[in-house]
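Presented below is the structure to which this report refers.
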There are 2 protein chains.
Amino acid sequence: MKKERLFTPGPVQIPERVLKVLGEPIIHHRTPEFKEIFAYTRELFKRLVDSPSDNFVYFASSGTGAMEAAVANFFKPGEKVIVINAGKFGERWVQIANTYGLEIVELKYEWGKSVDIDQLKDSLDRNPDAKGVLFQISETSTGAYHDYKAIGELCKNRDTLVVADAITTLGVYNIKPQQEGIDILIGGSQKALMLPPGLSILWFSERAEKRLNPKGYYFDVKKEVKKQKDATTAYTPAVSLIIGLRESLEILLEEGMENVEKRHRIMSEATRKAVEELGFKVLPEKPAISVTAILSEFAEKLRKEMLTLGVRTAGGQDHLKGKLFRISHMGYLDMLDHFSAIGALELAMVKVLGKTDHLGKGIRAFQKAIVING
Amino acid sequence: MKKERLFTPGPVQIPERVLKVLGEPIIHHRTPEFKEIFAYTRELFKRLVDSPSDNFVYFASSGTGAMEAAVANFFKPGEKVIVINAGKFGERWVQIANTYGLEIVELKYEWGKSVDIDQLKDSLDRNPDAKGVLFQISETSTGAYHDYKAIGELCKNRDTLVVADAITTLGVYNIKPQQEGIDILIGGSQKALMLPPGLSILWFSERAEKRLNPKGYYFDVKKEVKKQKDATTAYTPAVSLIIGLRESLEILLEEGMENVEKRHRIMSEATRKAVEELGFKVLPEKPAISVTAILSEFAEKLRKEMLTLGVRTAGGQDHLKGKLFRISHMGYLDMLDHFSAIGALELAMVKVLGKTDHLGKGIRAFQKAIVING
């Protein structure tokens, strides 16, 4: 018997309650029944981000689709944007902005670093014509956190849209875009929204609305938001994912986003304590609470052994391939689930490093971190 | 977010593959479609117990129903039976045998003890007219093991039926009733067969067949086995449980019963090492590999804390209520799942006993036991 447990930063483990509705017979998307569900999920989403605004759309796409929609709909060719690039997904902003002919001021950081807020302030001061700051709140490839509240604060009195890739943030942090100065917020279903991949979300502020200038066809935010405010869609929606979203949003709201953030904070901090106790170094200086990136020259061997035991982790990407492994805290995971991941890592170390002294010590550090946090 | 993990000796965690078919629309039991599934599960069951015999029946009942069927169908009022009584379920054999007017020679042991084989031999010698020996292979209330192979061997050349309650044995031990001298073997769905409660199984040997003498109506083994050999049933079968049984038997056979037994042996031995390292004493002298019964004056407090963390264990029964807790190894559980149970116990000890020195030590002992076993 072998179980496989997803500790990957998407897809993630899905609650039984969501799986149940995903397995139900499909309904047609142009029915009053679906319209009612669709409208209800929109009400739930407003509660999730604590904003009464109807300025948001679902797309049947991966998160990257919504990133493209942000660039294509809210910026014009030739406009200047500042891109915080400190990993694979920062790099993706650069690629998309290039595709749409924007002028890019790149704040490039070594992978694992977080944005230097003073440097960003300088850049904003030197580029008063910058129309946007594009960044990740949680850079999934490195597990680094970019302080979105500080960025929001910096841009509050400037004509600069704050464009946050929140794909591994939404459903983790108690993020309130309207209050925290975010203009465009992007989420994806297969992360902390605890759904299969295939649904993205794009939320935008009132001042972003004034800049709406759609390009392309499918990712037309103007057309789509008009339809969705009326509980329908321009094109065929991802029906079962919307129905699943109803459940996952309810689950998150029942726990309460403050508690959800607290849980992720404890699980990620305890995981860091555990792997540090086991002699590893965590890559980022300012770690996000969604995923922990752990450096090891034996990363791939450890991952393979952990998988044999029943725990699937993610590896490093691009130039960090083979140099780190990542344990996600997103999805349907609680404290006890993490014992599987840490316990499997300890057992994998026996095979890969040929030692046993460390056994139980990571778990102990994890437990102590939990006990301290009550 | 709180998950509840069943570490109870029934019901147990059910594999997704079984849950999936349990959730399918119900089919009618008098159809060729169901008949085919029914016949197929019978072929699988024969492989499970490594016997080509068709002498077995499913009942829509709990395991106790099949225990009653064993007494009612294979013994006559006034006949003498030896009952090994070392726990709640040994006591149940006494109650059922009494109900059917059998003469009982009781080999009574303190809860936690296992049968003394020499004593049983003496009893058999002194009671050559004993028509049966009734016992549990795994006494669920105490976690004690009664050596079924030795009992089978003892009765091989006597006119004494070996009646084994294998409710927490079937799907745990690689039991081969025909080769190992068992005459009547009883199983229940909600244990290691990884199904919801509601289905029992009664297998009987050729020499038991000669003693068939049904009483009552519903639990008529003679009538039922005739029907079931023809892939139908006397009364309405538990349709979805039979369909689930197809999956769970396939899962067990894919792993192979030798490996299944080995897995339970490692998980239970490692659990004993863990709880002993944590300062507990295991109740039975000869522990079964299906469930571990752990003595503690704080049993109920520990259970309550573990449940808060997401692990449901069982308590003590009857006079051991409040004095022990039981961690089951049956069902859809692997090594890593046990980290949750042991890790939760360690955390519960912090709350209940107000100490932290022990943290990680039970897990470490568990891991070392796994490493030693490869």
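Including glycine, each Cβ sits where the backbone N, Cα and C put it.
The DSSP secondary structure for B:Arg326 (substrate binding site) is strand. Residues or ranges marked as substrate binding site in TrEMBL: B:Arg326.
TrEMBL lists B:27-281 with the feature domain 'Aminotransferase class V'.
Residues or ranges marked as N6-(pyridoxal phosphate)lysine by TrEMBL: B:Lys191. The DSSP secondary structure for B:Lys191 (N6-(pyridoxal phosphate)lysine) is coil.
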Checklist entry - Around B:Arg326 (substrate binding site), how many other C-beta atoms are within 10 angstroms of its C-beta? => result 24
Checklist entry - Rounded to an integer, what is the Cα-Cα distance in Å between B:Arg326 (substrate binding site) and B:Lys191 (N6-(pyridoxal phosphate)lysine)? => result 14
